[in-house]
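Heads up, the thing below is written out as structure tokens.
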Amino acid sequence: MKYAVKEIFYTLQGEGAHSGRPAVFLRFSGCNLWSGREEDRYKAICQFCDTDFWGTDGHNGGKYTAEELATFVNDLWPENAGHKYIVCTGGEPLLQLNSALIKELHYHGFEIAIETNGTLPVPEGVDWVCMSPKANTEIVVTKGSEIKIVFPQKGINPKDFEQFDFEHYFIQPMDSEEQEENILQSILFCKENPRWRVSVQTHKILGIA
Ligand SMILES: C[S@@+](CC[C@H](N)C(=O)[O-])C[C@H]1O[C@@H](n2cnc3c(N)ncnc32)[C@H](O)[C@@H]1O
Ligand SMILES: Nc1nc2[nH]cc(C(=O)O)c2c(=O)[nH]1
Ligand code: SF4
Ligand SMILES: [Mg+2]
């Protein structure tokens, strides 16, 4: 099997509990909630996406076998540094991430994180699951490491997810034309519901990928 990859880059995780941590980002092509084409955004299930995941034309993008992909990712890690960490994202990584690739990444010593919309089952062996639910979808990932709700989102009430089994609960202000208002609402929500913390997209402030 070959994996369709939009881009691969070494940066810092910008969001959630591992914010600030060095990580290789593996961005898979394609998503089950939007085609990725601007002209389709109005009819997508998920309409606020901040990411270009269409095609394989990004930095280090292309089609790779599991072995090629894991070797490429490993070569981006500084030599003899340890603490190897990969964030599989997209698009929707669970359309492609499978046991063959998980095995290859573990072979090279990587801790494997995913960013998922929660509509597809998580394969065995993923070490960190960040689930970010979208309105009008059926969520099958009800346990994991962190839940990260883009806020505010019509049709999503964070309180409905408190019964799920996650270690960390985050509210992430939606990056949009109303961002200032979204930040204020996120702060207010967390102050009124102290189980939740605000996740800032720090990579956008730092000016990194
Ligand atoms: C681009 S998505 C890819 C992974 C997966 N498809 C998902 O939705 O979780 C990566 C993260 O960015 C978040 N995100 C997407 N668009 C956003 C926006 N406009 N503002 C804030 N966060 C956003 C998603 O909710 C998710 O947590
Ligand atoms: N630095 C950085 N951190 C991130 N955390 C989640 C991201 C994503 O697009 O999945 C992302 C991203 O695109 N860049
Ligand atoms: S589910 Fe994730 S990748 Fe897909 S459109 Fe929404 S935010 Fe973007
Ligand atoms: Mg991003």
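Quick reminder: no glycine exception, Cβ is built from N, Cα and C everywhere.
All annotation found in TrEMBL is predicted automatically rather than curated by experts.
Feature annotation from TrEMBL assigns substrate binding site to LEU12, GLN13, GLY14, ARG27, THR89. The [4Fe-4S] cluster binding site annotation in TrEMBL covers CYS31, CYS46, CYS49. Residues annotated as S-adenosyl-L-methionine binding site in TrEMBL: PHE48, CYS49, ASP50, GLY91, SER132, PRO133, LYS134, GLN172, PRO173, MET174, ASP175. Taken from TrEMBL, the feature Mg(2+) binding site applies to THR51. The domain 'Radical SAM core' annotation in TrEMBL covers 18-209.
Taking a Cβ cut-off of under 6 Å from any atom of ligand 3, the binding-site residues CYS31, CYS46, CYS49, SER132 reduce to CYS31, CYS46, CYS49. Take the Cα of LEU12 (substrate binding site) and measure to each of the binding-site residues PHE48, THR51, SER132, PRO173, ASP175: the nearest one is THR51. Residues LEU33, TRP34, GLY36, ALA44, ILE45, GLN47, THR51, PHE53, GLY91, GLU92, ASN117, LYS134 surround the recorded [4Fe-4S] cluster site, their Cβ atoms falling within 8 Å of the Cβ centroid of CYS31, CYS46, CYS49, which are themselves excluded. Cβ packing within 10 Å was compared across the binding-site residues LEU12, CYS31, CYS46, CYS49, and the lowest neighbour count falls to LEU12. Cα to Cα, LYS134 (S-adenosyl-L-methionine binding site) and ARG27 (substrate binding site) are separated by 19 Å. Put simply, CYS49 ([4Fe-4S] cluster binding site) is 9 Å from ASP175 (S-adenosyl-L-methionine binding site) when counted between their Cα atoms.
Closeness to ligand 1 is met by PHE48, ASP50, ASP175, these being the binding-site residues among LEU12, PHE48, ASP50, ASP175 whose Cβ falls under 6 Å from the molecule. SER132 (S-adenosyl-L-methionine binding site) falls outside any helix or strand according to DSSP and counts as coil. Among the binding-site residues GLN13, GLY14, ASP50, THR51, THR89, the residues whose Cβ sits under 6 Å from any atom of ligand 2 are GLN13, GLY14, THR51, THR89. A C-beta separation below 8 Å, combined with a sequence spacing of at least six in one chain, links PHE48 (S-adenosyl-L-methionine binding site) to VAL150, GLN153, MET174, ASP175, SER176. Taking the C-alpha atom of ARG27 (substrate binding site) as reference, the shortest distance to any of the binding-site residues CYS49, ASP50, THR51, SER132, PRO173 belongs to THR51.
Taking the Cβ of THR89 (substrate binding site) as reference, residues of its chain lying under 8 Å away and at least six apart in sequence are, in sequence order, PHE25, LEU26, ARG27, PHE28, ILE114, GLU115. Taking a C-beta cut-off of under 8 angstroms and a sequence separation of 6 or more, THR51 (Mg(2+) binding site) has the following same-chain neighbours: ARG27, GLY90, GLY91. With respect to ligand 4, the binding-site residues GLY14, ARG27, CYS46, LYS134, ASP175 contribute no residue with a C-beta closer than 6 angstroms to one of its atoms.
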